[in-house]
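Note sheet for the following structure.
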């Protein structure tokens, strides 16, 4: 009998919950010093952290997980006798004691309060015993007074936060007419008034819209509290304590939350005994341990529940937040379960126990076998495929087994099987096995065609095909359980297949194609004449190159391959191959062995610089692997990630991230190229958890989503890596509001790169159960070539170092609110000794060495780097001798900067962009960073122009934000024109923010068109400089 379809209506809407919507919640032990916090932590977690008789024994919080005691879980394990048992857990943090004045920094209070902000609930421990041997910070034990002290400190810190937030919102309202800002301001004022009445935020009657905003603040008084009253063993045994009535009265007056009396000394005594001894001791003294109750209530207090999946293979508790609906609950098993959710087959634990306990011993030979992944013959199987025991049949027959839809709110203790379908629509997806098979069949075809070891294949096209009917294509790559690939994965297939047979891929920038046909081919031609490819692979966007190739413009090219099927212009051309043609003419099924190009080269990248012709950078397998491993370690990519390719795969940043996601077995979502509308739709449709951006991309995403107030994609994104330039304070604030659950990092990279590939694979593939370890090993060993770009590098975009040199966490929602993020960044800028102006770009990963080389004693100089991440060499350089190593070679990045006392790297400017004025060196990036902090400036380029007295004069070309105006008159005294800028205002702004006088621009030019860029996105300063000089020649009096 099939499961009974549920006819129940959607559960009535519950009151929205304050707090993060996550299954990874934690609770902190809070209280005054010496009240038993660390002793309780040790007893709960069976650890032995220091717990001494003096204040502030604990400084940094200690963390541990404890299993949730649950008879239901134990019963299911007895019933199914599974190979694996995974219980639910509570994550507990032991936080240092607070004292009066903590919100003002007393007793390291600001640090300790930030630790409380990072948790989701509070165990408030109160001392209700007197012991002359254990000191009290106030000498006299008075738990009610202690309650008032801690509560007041949390409220005062929240008031401080809200006041800062009100200031930030009011400033933003001056620059924008966003209605949401007004709503937030009114709520902040309401919350402030509430707190000033000495009421905690969690006790207020807030609307659903209010709670959505409040949850981004992570206010201390919004967190649920459980009061733990620590008394001596005698009082606990006789259930009497002189302080308890007053504590109870105070708590009832202030919200009436749960109170749990316990004895820390008793629990510690029981923990030190053997289980039999402890049970006997409790029986003789008519006692009972309170720890299970504390753990269960703490788990419930932070609004966590769990459902079960059960069978002979595994019985597991899946933690979710209360009010989670079935599709999101399915997503805790895997994000693909949520994306392809069909229904949830739900059974109540009590029903199973009632109907199945007596039948559990019956024979199970007649039981049906169930596969819980359905739809389209996808072949996907869930992690809980089982031969059900007889008890299931009884439950089903009794009509207790129901199918629930997308609106079903999962209840604690539900036993669930999810049906889902991720087979995709038509040709939009294929399995990972098919993808690997396509790579290998293409590699076979290339070998039979005659592609040899070390041959170069040039590729030009978009990340995926430009399908008229499909805006977003999906590449799914799930290690272990699930796998699949989108039909427009042609670029990745070619990259891997060429490298597999020992070829070298030279990706060409697709932006060249966006120019006129003649110009685009000339730019590509100059790059191809340099490296002499034997094969050119293009998509439909390059079809006009065909005629150029017929004139023998590229004599080295033997084969021209079109990815996909021939269309207009190619139907009758017999000498143009296709990918499918190469696959179809494979003869035999001989197993392939991967091959290596000379020097281990895998990629030739083309750097454009800011002027001049491109240079070919040869990158090795090893450099790609080392940099990808760094991203795994720093960003935290995992197999659960769904990654959106926003960067072109012809760029080093895009390829490095693609390899990273292949390494961890994540899911790839491909769009032809970045467009904000496509990215927004992809994030929502495919539950994207991670992506990379540059400031311009982020600005486009923010601008578009402001028009989509109900856009749900913001809840999925968990990791954002920014490159291509530093985020302004305003853009960072907007980014954290757009993606409130995302960890935001910034990467500083470089344009030069190298290395050897075998480091990763042997350890990764041993546990894969997809039945083709050898195949996957070959697949990974073959990974190919990259391209140069500044696309994903903060400030410097250096292909020679194979992407990122340093990383910096700008915002972590588990630790900071957006306002705290800006404070942290400001603190970083001000906390270092002898810190010059510039942009902080964080610390290097372990394998990257950096140093400063200065011509004279100075903390500022040229930034040098060495390590396995470096390129092999430039294309026209001689190969290194066997005795030489890139690990001993220091590469000049071309950047000027410093390294502070904390190891942070600070960028000041580019060596080739410096301005010589009055005998002083000025780096335009430093001046630009200062001007961009002004709320009226949206973009700026600073250049030096010839000047007789100074040699060069500093000129700033600026673009204004919307609603701002420029005047050539002095607008300093015009108070009513607060959205007006002029030369005097900007010069004063630079001086007030301590920019050295000779660096302040002498002239300002209002720039009304886009700044000229190279094909890799760098500012063409030479062209800006020429236009400025032309402007000065004709309009000297207006500047």
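Yeah, the Cβs are placed from backbone N, Cα and C, and that goes for glycine too.
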One of 231, 273 listed by TrEMBL as binding ATP at the site of 34, 35, 36, 37, 38, 39: 231
Max pairwise CA distance, angstrom, over record-listed ATP binders 34, 35, 36, 37, 38, 39, 231: 15
Averaged pLDDT, computed only over the residues in the domain 'OBG-type G' (25-282): 87
Three-state secondary structure, which DSSP defines for residue 231 (ATP binding site): coil
Three-class DSSP secondary structure - residue 38 (ATP binding site): helix
Other CB atoms within 10 A, centred on residue 231 (ATP binding site): 26
Neighbouring C-beta atoms (10 Å sphere around the C-beta of residue 35 (ATP binding site)): 27
Least surrounded among the binding-site residues, given as 34, 38, 39, when other CB atoms within 10 Å are counted: 39
For residue 36 (ATP binding site), the number of other Cβ atoms found within 10 Å of its own Cβ: 26
